[in-house]
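What Swiss-Prot says about this protein:
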type    : residues : note
DOMAIN  : 54-163   : domain 'PH'
MOD_RES : Ser349   : phosphoserine
MOD_RES : Ser377   : phosphoserine
MOD_RES : Ser382   : phosphoserine
MOD_RES : Ser660   : phosphoserine
REGION  : 1-30     : region 'Disordered'
REPEAT  : 663-686  : repeat 'LRR 1'
REPEAT  : 687-707  : repeat 'LRR 2'
REPEAT  : 712-732  : repeat 'LRR 3'
REPEAT  : 736-756  : repeat 'LRR 4'
Amino acid sequence: MDVTSSSGGGGDPRQIEETKPLLGGDVSAPEGTKMGAVPCRRALLLCNGMRYKLLQEGDIQVCVIRHPRTFLSKILTSKFLRRWEPHHLTLADNSLASATPTGYMENSVSYSAIEDVQLLSWENAPKYCLQLTIPGGTVLLQAANSYLRDQWFHSLQWKKKIYKYKKVLSNPSRWEVVLKEIRTLVDMALTSPLQDDSINQAPLEIVSKLLSENTNLTTQEHENIIVAIAPLLENNHPPPDLCEFFCKHCRERPRSMVVIEVFTPVVQRILKHNMDFGKCPRLRLFTQEYILALNELNAGMEVVKKFIQSMHGPTGHCPHPRVLPNLVAVCLAAIYSCYEEFINSRDNSPSLKEIRNGCQQPCDRKPTLPLRLLHPSPDLVSQEATLSEARLKSVVVASSEIHVEVERTSTAKPALTASAGNDSEPNLIDCLMVSPACSTMSIELGPQADRTLGCYVEILKLLSDYDDWRPSLASLLQPIPFPKEALAHEKFTKELKYVIQRFAEDPRQEVHSCLLSVRAGKDGWFQLYSPGGVACDDDGELFASMVHILMGSCYKTKKFLLSLAENKLGPCMLLALRGNQTMVEILCLMLEYNIIDNNDTQLQIISTLESTDVGKRMYEQLCDRQRELKELQRKGGPTRLTLPSKSTDADLARLLSSGSFGNLENLSLAFTNVTSACAEHLIKLPSLKQLNLWSTQFGDAGLRLLSEHLTMLQVLNLCETPVTDAGLLALSSMKSLCSLNMNSTKLSADTYEDLKAKLPNLKEVDVRYTEAW
């Protein structure tokens, strides 16, 4: 039977042969030829007319015509004896098969066996038919209408050619030929009338597999392939293996124009449309490496800043809601990668997940590696898999470089204990409190990690500058989503302080409320950057700003004041003593609302208020409303007094000169910055019986002065002070001493024996961690 073919009517495309390459110039140019500063772009030669969905299966009539070789076979294959069979055909990756393998379709038809696919158009031919030319015959497919016929035609063409390209590109020999085939494959996808996600993804997956199996390509070959597939990436996410290839190129050639011209629209699309980096972590890693590549350019952060501006847009409100969450996710992952090598390499360093799950047990093992990170591991996926394993380790890390311990608060809270099965979470900030002996510890990162950290912290700063992004950014950062190593890193907390300051300056409640903890029992940025917190480096200036904005909002309540009184009364008093108006107002409100029940604490607050002009004025206004407070002050000074941590000699002098302290019997200067110079003020307290100098810089000179004047002192705590035998020997004149703590001092055994002999009332002595122990 004479079977002819035609392009069909209606002007629609009926047959697609190999499309011509769309790159300008000779496609056979050698690989080494440079493409110019700007990668070439292809025009999208989209077919006019109908669009079709790629078929994967469907019902159709099938007829097979065998080529006649004898007179009898010619009679048997004539149109009068021809029969049609209904089949449900599946267009698999390798062949055309029937759901009921009988009759004509007893055996599947491989795409490699199909020589040609054409539309039938001859006189008296069956309507809506396709012709598949195979060795020894022809397969006719009859659809129900012309649209289905064309849909089957284009789908079969696509499946056949994709199968061919998979075969051709699976065994590359000459890379100039491979590059030409890739370009033709891309052009075929761009000009196809089929509309389906796999139309663009299939070529990308073929190229991705090709690159993963050939890792010895030159840089120029890398760039040529990237430029060739660039048109497909404008509307499609790259597959995971292709992301790995892009990451490698960003690391090895950060200054390549391909990074700017090709990767920029790809990353922009990822940030605008990605919904969950957890399902595609390599997209996040590619975005991370792309931004680092931008940072390596001559302009550095200026280029990154312009990129962030382009993502936000020129208006006051970013039109893409997914950009900010995706940028924050990339920043958090990059910052974590800076510390991840240290987290994974130290046996006694738990992951942040373990801390949040309450997996804490004391451990005395010494770390084997210094706190120094070189290059972060590029395989973020494997790192995340490692971190997901539960490792029940300690959160107490002791070494010459870092010492992290659980702080014992002055409110006598129960000890923090948790087991692996406990649902309660430990206080993260308490876990980060650095002991005074190690307060000068600094974490040093390697050069690459340091650049990465600086880049992404700077991005967080840029994000915080946009008013429309700030509420969401504050909400995302409210749970403190950083590893404890980062929070113990002075450089990180110092740089991040700008972001927290922006939150504190924002008048919107939805922003500055995120400074507080995400729920009760958890610490937030408010606690982290308050005096005594691990991130505080400004003596409470940021803390005062946060309190000011919170008090100016709906937090001017008794509950908020009670929280301050229970947790941050010391910092509030210290800042008020230094003239901070916000803190003076806070103390006045505490008195006015009867937040403080203890009379001694009330007297201490009053003395603090009267030590400054602004405090005295506000206190006088308060006294006009509450005369009973003034009456309380007339009864005399407090018997117990505790100075806030980080108080100085000047702070103590100012406080003691502001009122009467003749009845003061118990004074605690623990964890302050006082020195021996304060001794001249202490000796003016004739009734003083108990003095706590734990972890201060009080030395031998001050100790000698005290021993001459405070002969009635009964309890003295010198734990972790720099005193030596020269000063300790002077204590022999304090015959009333009944309790003496010399823990962690330079006490010698001989001096200890001498003091025991000369102090008959001495009953309690602590000489642990000394030579006399």
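For all residues, glycine too, the Cβ spot is worked out from N, Cα and C.
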Please report, as numbers and ranges, the same-chain residues at least 6 past the borders of the repeat 'LRR 2' (687-707) whose CB is under 8 Å from any CB of it. 436-437, 662-680, 713-724, 726-728, 730-734, 741
In the repeat 'LRR 4' (736-756), how many residues does DSSP put in helix, strand and coil? 8 helix, 3 strand, 10 coil
Mind checking how the repeat 'LRR 2' (687-707) divides into helix, strand and coil residues in DSSP? 8 helix, 4 strand, 9 coil
With every protein chain in view, what's the tally of Cβ atoms within 10 Å of the Cβ of Ser660 (phosphoserine), excluding that atom itself? 14
In the same chain, residues at least 6 away from the ends of the repeat 'LRR 3' (712-732) whose Cβ sits under 8 Å of its Cβ atoms read 436-437, 670, 686, 688-704, 706, 738-748, 750-751, 754-755, 758-759, 766
